[in-house]
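**Q** This is the feature table in TrEMBL:
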TRANSMEM  12-32  transmembrane segment
TRANSMEM  44-67  transmembrane segment
TRANSMEM  79-98  transmembrane segment
TRANSMEM  118-143  transmembrane segment
TRANSMEM  155-174  transmembrane segment
TRANSMEM  186-209  transmembrane segment
TRANSMEM  285-307  transmembrane segment
TRANSMEM  359-375  transmembrane segment
TRANSMEM  381-398  transmembrane segment
TRANSMEM  492-514  transmembrane segment
TRANSMEM  520-543  transmembrane segment
Amino acid sequence: MTGWRSQWRLVLLNSLTCGLEICVAAGITYVPPLLLEAGVEEQYMTMVLGIGPVLGLLFIPLIGSASDHCNSSYGRRRPFIWLLSLGVLIALLIIPHADVLAANLSWGSTRRNQALQVGLLILGVGLLDFCGQVCFTPLEALLSDLYREQDDCGQAFAMFSFMVSLGGCVGYLLPAVDWSGGLLSFYLGGQAECLFSLLILIFVVSVLVTMKVSEEPTSTTEPGPSEPGRCFPRSCCYLFPCKLRVLKSGPLMCLLRTCWSMTPVIYRSYCHVPRVMRQLCLAQLCSWMGVMSFMLFYTDFIGEGLYEGVPSAAPGTALRQRYDEGIRMGSLGLFLQCATSTFFSLAMSRLVRLFGSRTVYLSSMVCFTISALVICLSKSVLLVTAMSALTGFAYATLQTLPYTLTCHYHKEKEVYMQNSKTKKTHTNGFTITRDSVCLTLDNGPGDLNHKSGVSNGHAPHKRDKPEYFPPLHNQNGLESEDFEKRGVGLDFAILDSTFLLSQVFPTLFMGMIVQFTESVTAYIASSAIFGAIGIYFATHIIFDQKDLRS
């Protein structure tokens with residue numbers, strides 16, 4: 001995939017990725033002050049921010065696997081993208097006008113007005129966070145469908161990570177601009193109305209561009225297991241496809257029918273994960289918990305810990321001014337983090353070619369953990385800001401490498417997704433175990449040696465003899481696992497679930513931890529601890545076939 005036309009197409013294809021990140025970053029950054037102004041306490045405000053991730057954990061496996069089976073004439077992934085984009089648009093309309101909607105629905109009651117305003121804000125925040133985060137799953141699956149070769153897939157997800165980082169940069173900058181003094185503020189009603197009107201415009205344009213550029217195949221038929229160029233097989237769920245009469249009634253009915261019929265099977269397969277995916281997801285979860293604990297509370301740490309401000313102080317006082325100044329400096333640090341992530345996203349393919357995926361992944365998490373420790377111990381604003389910028393390396397890595405590894409697992413799933421349990425059957429009087437079969441191909445013609453009794457089904461490694469691990473199929477009484485029918489949408493959903501789960505713990509428990517320790521430094525200290533745990537589990541990730549022998 002070379003040439004400026006291919007790269008430009010990738011940019012247009014990922015425009016919705018950028019638009020989503022802009023809306024989520026700007027919206028979630030601007031929402032906490034709105035919640036506090038509406039009377040929500042800070043402890044409950046962090047719980048409100050956890051509503052979207054919790055809902056995402058419940059519905060992401062359903063959406064990921066259902067997109068593998070959708071038979072809509074609009075394609076497999078795009079109906080889900082349209083539906084989730086509609087949810088984001090509704091949230092962007094509700095949040096800035098929650099007070100007006102509450103006033104019109106309260107019929108003059110002040111107490112009801114405040115309750116309705118808080119309820120509408122919570123609805124808007126949950127909808128924005130849920131739809132915005134979950135929409136990334138079908139977008140990732142769409143990229144994997146369009147770019148099947150391993151090198152092309154790596155470049156596609158590097159561009160995906162770049163657009164996410166670019167969207168974060170823009171999203172963090174937009175709330176920092178004073179929109180209240182412009183002409184639009186006079187017509188639209190204020191800072192919040194101007195900001196969210198701009199977000200709506202950006203989002204609608206990005207949706208239309210991505211939907212126009214993506215030419216998704218309408219057929220669910222995919223290459224067979226032995227066909228060259230195959231990257232992503234069908235899902236592991238045996239489900240009934242939408243019937244023709246349902247298809248004729250529209251893509252939405254097909255989408256809903258597919259989701260309803262496959263729900264129980266999806267969650268069973270969601271819990272039955274191949275070993276390589278389990279190890280990758282565990283490292284991804286711990287790494288994301290470190291990064292998200294840092295990103296969610298970094299500005300509050302700078303305002304209260306470094307600048308020693310008080311958020312509850314009266315406006316105009318010295319304590320409040322120090323806190324506001326710290327928030328602005330914290331926003332600058334997050335912007336620099338996104339800028340650094342943008343740079344590393346562009347260089348990710350080259351770094352992987354030079355140093356390998358393992359070295360890049362581990363070095364990014366080591367860099368993040370050291371940076372978090374320095375931020376905890378330092379009182380220098382300049383040094384803390386520089387360290388926050390370095391954390392962008394880990395953010396870019398977590399947005400890219402796990403997805404390219406998943407693509408690699410699916411392309412060679414007869415190697416990476418074999419069942420770890422021993423299967424025994426009797427054929428013609430012989431007892432055959434899955435873990436006892438390994439074929440070693442010698443350089444000489446026709447030399448085929450059978451190795452048996454070797455742990456994990458692998459023969460002792462020989463440098464001059466490449467090994468071949470044949471897949472076992474349901475033939476002649478030999479049982480086989482259904483991992484070879486596992487869909488990439490489901491595994492992408494599992495990866496995205498780790499990202500959402502990493503937000504649930506900080507939003508639900510960080511407030512209590514800070515109250516117990518009576519120091520906001522606990523925010524960054526927790527992220528450093530999670531980063532160190534992530535480094536440990538990252539050493540167990542299967543990056544290539546050599547790791548399977550260990």
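First residue shown is number 1, and so on along the chain.
Positions of Cβ are set from backbone N, Cα and C atoms, glycine also.
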**Q** Return the stretch with the most CB pairs under 8 A relative to the transmembrane segment (155-174), choosing among 12-32, 79-98, 285-307, 381-398, 520-543.
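**A** That would be 12-32.
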**Q** Hey, would you say the transmembrane segment (359-375) packs against the transmembrane segment (44-67), going by three or more CB pairs under 8 A that are 6+ residues apart?
**A** no
**Q** Please indicate, using numbers and ranges, the residues of the same chain that are 6 or more beyond the transmembrane segment (186-209) and have a C-beta under 8 Å from a C-beta there.
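**A** The answer is 12, 15-16, 18-20, 22-23, 26-27, 30, 34, 81, 85, 88-89, 92-93, 95-97, 174-175, 178-180.
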**Q** Could you tell me whether the transmembrane segment (12-32) and the transmembrane segment (285-307) are in contact, taking contact to mean 3+ Cβ pairs under 8 Å with a sequence separation of 6 or more?
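**A** When sequence-distant Cβ pairs are counted, the transmembrane segment (12-32) does not touch the transmembrane segment (285-307), since fewer than 3 lie under 8 Å.
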**Q** Six or more residues beyond either end and a Cβ under 8 Å away: which residues meet both conditions relative to the transmembrane segment (520-543)?
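**A** Sequence-remote neighbours of the transmembrane segment (520-543) are 275-276, 279-280, 282-283, 286-287, 289-291, 293-294, 297-298, 300-301, 304-305, 356-358, 361-362, 365-366, 368-369, 372-373, 375-376, 394, 405, 409, 416, 506, 510, 513-514.
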**Q** With Cβ-Cβ distances below 8 Å as the criterion, list the same-chain residues six or more beyond the ends of the transmembrane segment (118-143) that contact it, or say none.
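**A** Distant contacts of the transmembrane segment (118-143): 13-14, 16-17, 20, 23-24, 27-28, 31, 34-35, 38-40, 48-49, 51-53, 55-56, 59-60, 63-64, 67-68, 76-78, 80-81, 84-88, 90-92, 94-95, 98, 101-102, 153, 156-157, 160, 210, 214, 216, 403, 488-489, 492-493, 496, 499-500.
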